[in-house]
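As C-alpha cells, the structure follows; a few thoughts come after it.
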Amino acid sequence: MHHHLNTLYQGQSLSRESTRDAFGQVVRGEVDPIVLASLLTALKIKGETPEEIAGAAEALLAEARDFPRPDYEFCDIVGTGGDGLNTINVSTTSALVAAACGLKVAKHGNRSVSSKSGSSDLLDKMGIKLDMSPAQARRCLDELGICFLFAPQYHAGVRHAMPVRQALKTRTLFNVLGPLINPARPTYQLMGVYAPELVRPIAETLLALGLKTGMVVHGAGLDEIAIHGPTQVAQIRDGEIREFLLTPADFGLETYPVSAIQGGEPEENRAITAAILEGRGTPAHNAAIAANVAPLLLMAGKAKDLKSAAAEVLAVLASGKTAELAARLATLSHQEASHQEA
C-alpha cells in the first residue's frame with residue numbers, strides 16, 4: 001500500500017491494476033484507517049482518473065457477493081446522489097416504470113446520500129423487502145422484470161471505509177463508486193452524476209469496465225435528466241463516447257421549475273411515488289419520469305426516438321399499471337422469508 005501512496009504523493013496517477021490492488025486491501029479490512037484517509041485524500045487532491053475509478057470498481061466487484069446473472073439484456077438506472085437538491089426519488093420510481101414498460105431492471109441502491117430519502121428508504125416504505133437473497137432477487141427479475149439489490153448486502157467490505165469517510169466529511173472516490181458496482185453487472189445503464197465535470201470521466205470509466213451501451217448524465221444541478229434545463233450527456237455506444245446536450249423539448253416535454261419536483265421525508269416521498277405509479281402524478285413528476293425512462297427504451301431498441309419513447313412512458317404512467325407491479329414486487333420479495341419461517 002505504501003508504494004501506491006508514494007506514487008500519489010509525487011502527483012502521479014495509479015495504474016488500474018495498482019488501484020485494484022489498493023482497494024482490494026481496503027474492502028478486505030487490511031488497511032489502517034489513517035493510511036486509508038491518506039489514500040482517499042491523495043486521490044481527491046490529484047483528481048481521480050477513469051483508470052483509477054475503474055480499478056477501484058473492479059476491486060469492489062471482485063469482493064462482492066455473487067448474483068446469479070441472467071443471460072438476457074437488463075439495465076440499471078442510478079445516480080451518485082450528492083447533488084444536494086432533495087428532489088423526488090426519480091431513479092427508483094423510473095426503475096419501476098421501466099419494468100412496467102417491459103424492460104428488465106436490476107437496480108442497485110443504498111440508503112440516502114443526499115436527499116432525505118434514498119432508494120432503499122423509499123422501498124422500505126413501499127413494503128419491498130431490501131435484504132432478500134440473491135436467488136430471490138433473481139426470481140423477481142425473471143418473473144416481474146425488476147429487482148432491487150441493496151448495496152450493503154453485496155458489498156459488506158465497504159463498511160471498513162465508513163468511519164474514515166464519515167470523519168473526512170468530504171466527497172471521495174467512494175461517492176462515485178456506488179453506481180459502478182452493481183453486482184448483477186447490467187448490460188446497459190443510465191447513470192446520473194452530481195457534477196458536470198464527472199460526465200466524461202465516468203463514461204470513460206464505464207467503457208473501461210466493459211459497458212457496451214449506456215448514458216452518463218448531469219441535468220442542470222441534478223444527478224439525473226433534467227426537466228428544468230439542459231442535461232449534459234456522454235453516450236456510450238459501439239465502444240465510443242459521444243457528448244451532447246438534451247433539453248425537455250427533445251423528449252416532447254414541457255419545461256418545469258426544479259421546485260416542481262422537490263421531495264420530502266421518506267413518508268412524503270412514498271406518497272408522491274404512489275401517486276405517480278397509480279397514474280395520479282403531477283405533470284412535472286410524470287415528465288421527470290418520462291425523461292429518465294425514455295433513454296432506456298431507446299437503448300433497448302424498444303423505441304425509435306426519445307419523443308416516442310417518452311410518449312410511451314407517459315401512457316404507461318397514465319394506465320396505473322406500475323402500482324400493480326410494485327405491489328406484486330412487495331409480495332414476491334417477502335415470499336422467501338415466510339417460506340423459510342414456515
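Keep in mind that glycine also has a Cβ here, set from the backbone N, Cα and C atoms.
In this structure, Gly79 (anthranilate 1 binding site) is part of a beta strand by DSSP. The annotation anthranilate 1 binding site is assigned in Swiss-Prot to Gly79, Asn110.
In the three-state DSSP assignment, the secondary structure recorded for Thr87 (5-phospho-alpha-D-ribose 1-diphosphate binding site) is strand. If you look up Swiss-Prot, you'll see Gly79, 82-83, Thr87, 89-92, 107-115, Ser119 marked as 5-phospho-alpha-D-ribose 1-diphosphate binding site.
The Mg(2+) 1 binding site annotation in Swiss-Prot covers Ser91, Glu224. The Cβ of Glu224 (Mg(2+) 1 binding site) has Gly79, Thr87, Val90, Ser91, Gly192, Val217, Ala288, Asn292 as same-chain neighbours under 8 Å, each 6 or more residues away in sequence.
The anthranilate 2 binding site annotation in Swiss-Prot covers Arg165. Sequence-distant neighbours of Arg165 (anthranilate 2 binding site) (same chain, 6+ residues apart, CB-CB distance under 8 A): Leu40, Thr172, Phe174. DSSP assigns Arg165 (anthranilate 2 binding site) to a helix in the three-state reduction.
Around Asp223 (Mg(2+) 2 binding site), taking its Cβ as the centre, 28 other Cβ atoms fall within 10 Å, counting all chains. Look at Swiss-Prot and you will find Asp223, Glu224 tagged as Mg(2+) 2 binding site.
Cα to Cα, Asp223 (Mg(2+) 2 binding site) and Asn110 (anthranilate 1 binding site) are separated by 15 Å. On its own chain, His108 (5-phospho-alpha-D-ribose 1-diphosphate binding site) has Asp76, Val78, Phe148, Leu149, Ala151, Tyr154, Gly178, Pro179, Ile181, Asn182, Pro183, Ala184 as residues at least 6 apart in sequence with a Cβ closer than 8 Å to its own Cβ. Following the DSSP three-state reduction, the secondary structure of His108 (5-phospho-alpha-D-ribose 1-diphosphate binding site) is strand. Counting other Cβ atoms within 10 Å of each Cβ, the lowest count among the binding-site residues Thr87, Ser91, Asn110 belongs to Asn110.
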